[in-house]
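The NADP(+) binding site feature in TrEMBL is assigned to B:R48, B:K54. Look at TrEMBL and you will find B:R125, B:S126, B:S127, B:N239, B:A240, B:G280, B:K295, B:P296, B:V297, B:A298, B:T299, B:R321 tagged as FMN binding site.
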Protein chains: 4
Amino acid sequence: MAGNCFGKLFNLTTYGESHGPALGGVIDGCPPGISLDLEEIQNELNRRKPGQSKIVTQRKEPDTVEFHSGIFEGVTTGTPIGFVIKNTNQKSKDYSHIKDSYRPSHADYTYDKKYGLRDYRGGGRSSARETACRVVAGAIAKQVLKDIKITAYVSRVGTMGLDKPYEELDLTLVESNIVRCPDTEMAKKMEDYIKEVRSKGDTVGGVVSCVIQNVPAGLGEPVFDKLHAELGKAMLSINAVKGFEYGSGFHGSTMYGSDHNDAFNTDGTTKTNFSGGIQGGISNGMDIYFNVAFKPVATLIQEYQTIDKEGKVVKMQGKGRHDPCVVPRAVPIVEAMAALVITDFYLLNKIYQ
Amino acid sequence: MAGNCFGKLFNLTTYGESHGPALGGVIDGCPPGISLDLEEIQNELNRRKPGQSKIVTQRKEPDTVEFHSGIFEGVTTGTPIGFVIKNTNQKSKDYSHIKDSYRPSHADYTYDKKYGLRDYRGGGRSSARETACRVVAGAIAKQVLKDIKITAYVSRVGTMGLDKPYEELDLTLVESNIVRCPDTEMAKKMEDYIKEVRSKGDTVGGVVSCVIQNVPAGLGEPVFDKLHAELGKAMLSINAVKGFEYGSGFHGSTMYGSDHNDAFNTDGTTKTNFSGGIQGGISNGMDIYFNVAFKPVATLIQEYQTIDKEGKVVKMQGKGRHDPCVVPRAVPIVEAMAALVITDFYLLNKIYQ
Amino acid sequence: MAGNCFGKLFNLTTYGESHGPALGGVIDGCPPGISLDLEEIQNELNRRKPGQSKIVTQRKEPDTVEFHSGIFEGVTTGTPIGFVIKNTNQKSKDYSHIKDSYRPSHADYTYDKKYGLRDYRGGGRSSARETACRVVAGAIAKQVLKDIKITAYVSRVGTMGLDKPYEELDLTLVESNIVRCPDTEMAKKMEDYIKEVRSKGDTVGGVVSCVIQNVPAGLGEPVFDKLHAELGKAMLSINAVKGFEYGSGFHGSTMYGSDHNDAFNTDGTTKTNFSGGIQGGISNGMDIYFNVAFKPVATLIQEYQTIDKEGKVVKMQGKGRHDPCVVPRAVPIVEAMAALVITDFYLLNKIYQ
Amino acid sequence: MAGNCFGKLFNLTTYGESHGPALGGVIDGCPPGISLDLEEIQNELNRRKPGQSKIVTQRKEPDTVEFHSGIFEGVTTGTPIGFVIKNTNQKSKDYSHIKDSYRPSHADYTYDKKYGLRDYRGGGRSSARETACRVVAGAIAKQVLKDIKITAYVSRVGTMGLDKPYEELDLTLVESNIVRCPDTEMAKKMEDYIKEVRSKGDTVGGVVSCVIQNVPAGLGEPVFDKLHAELGKAMLSINAVKGFEYGSGFHGSTMYGSDHNDAFNTDGTTKTNFSGGIQGGISNGMDIYFNVAFKPVATLIQEYQTIDKEGKVVKMQGKGRHDPCVVPRAVPIVEAMAALVITDFYLLNKIYQ
């Protein structure tokens, strides 16, 4: 109810504040008998980790995951998988200046309005640090899914957008650069752009695109829990996300039906894929693809005015260790959330078999 | 689990196929003691009803809702509200030609893949006729919310878009025209455009925008069940929706943080509202606004080729009674889903009080 | 949340008051492709129906179920099954005398305390009439389960108890008498006893026992959702139930481990079955059996004193059409709830296969 | 879905195996602003702890709980409370002899049937060690409930039963003896009895009774989620429980309505309380009381025959550190589960206010 659980059959519950002793989570419903590659899980965490490159926050966290249960002799047992990621580099004093103030476009004000109090250190629970737990669960989900391939990449940084559809990109190049854009030329430009933005103490938004391949037809539930509705919720639940579109997306709203309809081939595949692999909320076996819009990070390394709890105007100076652009680190988070959604429907679909 | 329930505390379960005897639903969790205006509920249904104007499907359905429970002497009792909307104008023979074929960009193929069979009459459960039940529940939710005002309107039909932000529109004019666009001049153009599209047997997409006013600060749950994540899921669950964005949306991904941050006034309101009334997944008391993209309706009144269950190519001729553009009738559905989401969080928030 | 839903994968939501226009429900998650025997469903309803014999309430209700959706050409489609049972014999005036008074050991007082108001006619939502919807859903669940056989019977009426274990009874005789006790000699005594109790305007409690046969090993979830915990909840949710025990039950608490342990045969069956077919919350393939205790019906056909809303003492005279002993009609309800629980776990277990 | 979550608004998810590195859990939905007495939480854990007295298992575990989140400066923040209890005294070699065998009346066989494999060390997830996490959550729930007082006690050990109703007992004496029976004379007899049973390498069952005082009227949801149905499920989910009854319980099934009905006093209280504080599934403000039956522990310190995975007969010798009678340590567990149920309904009831 309180929003820290995700998924029905493959269920993740997370906890943890940015500057508490640890983050952690419980995965309930992981099928038994899966030989987990623990190194691969840590690899995914490393893709999200702060300090991994010059264009992300320089907070230093090893983000090492420890498993407490649900795995026996390297194999999942079907019982819940409890895990913990210790916080090692909390610098709480960094945040004492925001104790009584509300930073613009952060969750400081809304948490206080909702709960009457908040852990103000580093954004507390509202920090994107929470997504580390999602990456752990997503990495396990990917291993449940095996042949279903989920690939996210950066397709826009600020006004700098990659206009090619995913079919024209070499998705194996995503990890070849620190921006995580598969067009290496564009990646270089984006990297320079991000550095420039950071040098001004500013931040910039971006878009992460994602492709899911080898999804069998039949995943998703019609009506309220449509496959793309759950994907949308999953993506919108990621910090800083402002929009989601799949298949033809917002552009599709400008099209004629005669152009938009995906004609069938005789094997059930379609000649075009404006549907984005989903029809009536259920996968049709074609590639699923979608875009996720991220706003610019709210923390600027600039002086600014804001208000405190009493409504008095206060001057503040952004400091600390923050990302000038969130999308490079958001790539594994988008993949993780996609993996959670697909796994949930994959398991649910077994009931129909 | 099977996706026909929506909401936690204000919970709607719906049933019904396009051409079965009736649609219906159950609202569980409606607070007791609310004097329901039943006429107002029927009014909302009439806004969604087929045959209401020249630019929508001409299927004739009275769409009269009957209540079976949960209301006693005009007042809600806190027990579940069961309701039924009878189907009166089923023309099942209209659909016999699609029994063994898969219409492009419909859910025919995916339902067969998921369930192994389907009620092919009028799309069966995948028909947008199901949304009538959502409108009933949403109309009740609106009466629970009282002062919270939800207004949706058509902001785009095909390439014809309304570029003004909602603050510059007179939202009281939404119902003044059959397109439901508050800019009456633009509405006329859109109407002509839709008629032209229909005359070609074609269809076109569009966008519905929505504004929610007077929302108290504190609604929404952080992390997975963020207020905008639930709104997004709700909107994406509506038939034909391809995208959702709130506040600055996709445009926000091109912006700098220094432009995007919403500076506070001393009363806690903000000078700008790129946040769209939601920060960290929780309402901040400012207006919530969002856009919902609809694809063009898949049913064309044209001849086309497709495949049947055996994968053989068959020629088909679109016929029946369909909408050339779905957005005018989608306006009350968007409002209804928004009302369901807000009511759920409104009730949930009582726990914090 | 508000308690009118039951089950996860095979989910029943019910609505309806005793004296409203209709009761009804929605079954979400029924697997597709099941040829439903609708007559069999009505038969189950008839077993619960008022007026069926001389020892039950003489309210006359046909209790005819109408299906609105989810069944196409006699076969389930996987979409929700909506159904309605109309109330035809409401005599609301019978209940005007209780409008402002609280009948002892009914839910009048607690509904008023919880909701601030209530539909006082015939107990409103608190009436056991609601269980008709459970019987419909249970009858469908039984058809999903096919070979799993659920048999309930009356094992006690007041102090008159059947001391034989179920293995020594001929369970095919349950329907051979109006008490639904498989020991026909005992049944006759119980019948006479119930008539005698009724002649005094009094009521008496009883016990329903239930056996579930051919359950595969592996159903149930450990920890909180143990198979017997869900069975217990299901039974305790039936009106007038005061206790639940399975396997050795309360008697088991007096035993030694050396007597209670069920030694294995080499085929995995056990020599004794004090475990009641469930170990660690999971079925082991042996018969599941349990007892459900019902209190005496609270409505007496006698004069009595009670209080009204203002706390004033008022004299009342029980009248209307009520059951002197609830257990004969409770037999199909117990079976229905057992069927719902087993079906839910049966579907959930497919995830492990 | 997989059964490791409990509660709706005050939601507990647990993980952990008997001999893994740690147990732990997440409480989602704890209201903000509660000053937690952490020592009191540890006290509750100590009441459940192994090795606490001569009549319980001599496994030595400090059972120290560490909190990771959700508490800031001693006060709950409304965000999830993650906690961990490390296992320090795992003697996994103690259990190697059961790796391929199925102990009678344990969950070895059923886990293998369900999951295809199991963590055989100390019963793995099926161990009652899991209940330590419930006690942590229950101790927090008690602090949420403040004035609502929950007291459990041992009322039966084997055939040795306390026949007095709770009103005639001095419940402040529960902790005065190691059996946790408030009748100190009877407690002494029970203690001797348990020692005698243990000296034979045998075990014995028992009953825990529980009283909940100061519950406001109006808690509970009618129909499926009746207050006593959720209490019943909660109790039946505790390891070794075979039965649950509340108020008049099984004895009530032998009574006449004219004796069983609880006549009102003019203040809304009742002269008798056969209802057990609950009518129609909703609390009426009177004391809630119930009994929970526990079977004898399955592990005997005796030689016995059983089967292995291949169905071959094997001889085994019970050893290790086990409880001769589980009820003294079950007292805080029963209280904890009761606290979880009441807290959930207490929060849910705020919606009606």
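The backbone N, Cα and C atoms fix where each Cβ goes, and this holds for glycine too.
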Long-range Cβ environment of B:K295 (FMN binding site), under 8 Å and at least 6 residues apart: B:S105, B:G205, B:A240, B:V241, B:K242
Max pairwise CA distance, angstrom, over record-listed FMN binders B:R125, B:S126, B:S127, B:N239, B:A240, B:G280, B:K295, B:P296, B:V297, B:A298, B:T299, B:R321: 44
Of B:S127, B:A240, B:V297, chain A-adjacent binding-site residues (C-beta under 8 angstroms): B:V297
Fewest other C-beta atoms within 10 angstroms, as judged across B:R48, B:K54, B:R125, which are the binding-site residues: B:K54
Cα proximity to B:R48 (NADP(+) binding site), best match among binding-site residues B:R125, B:S127, B:T299: B:S127
Near-C candidates in B:K54, B:R125, B:S127, B:A240, the binding-site residues, by Cβ under 8 Å: B:R125
DSSP three-state assignment (helix, strand or coil) for B:R48 (NADP(+) binding site): helix
Distance [Cα-Cα, Å, rounded] between B:S127 (FMN binding site) and B:K54 (NADP(+) binding site): 21
Local backbone state of B:R125 (FMN binding site), from DSSP in three classes: helix
Binding-site residues: B:S127, B:T299 - member with fewest neighbouring CB atoms within 10 Å: B:S127
Long-range Cβ environment of B:V297 (FMN binding site), under 8 Å and at least 6 residues apart: B:T203, B:A240, B:H322, B:D323, B:P324, B:C325, B:V326
Alpha-carbon spacing, B:T299 (FMN binding site) to B:K54 (NADP(+) binding site), which is rounded to whole Å: 18
Cα separation, B:R125 (FMN binding site) to B:K54 (NADP(+) binding site) (Å, whole number): 26
Cβ-Cβ neighbours of B:A240 (FMN binding site) (radius 10 Å): 23
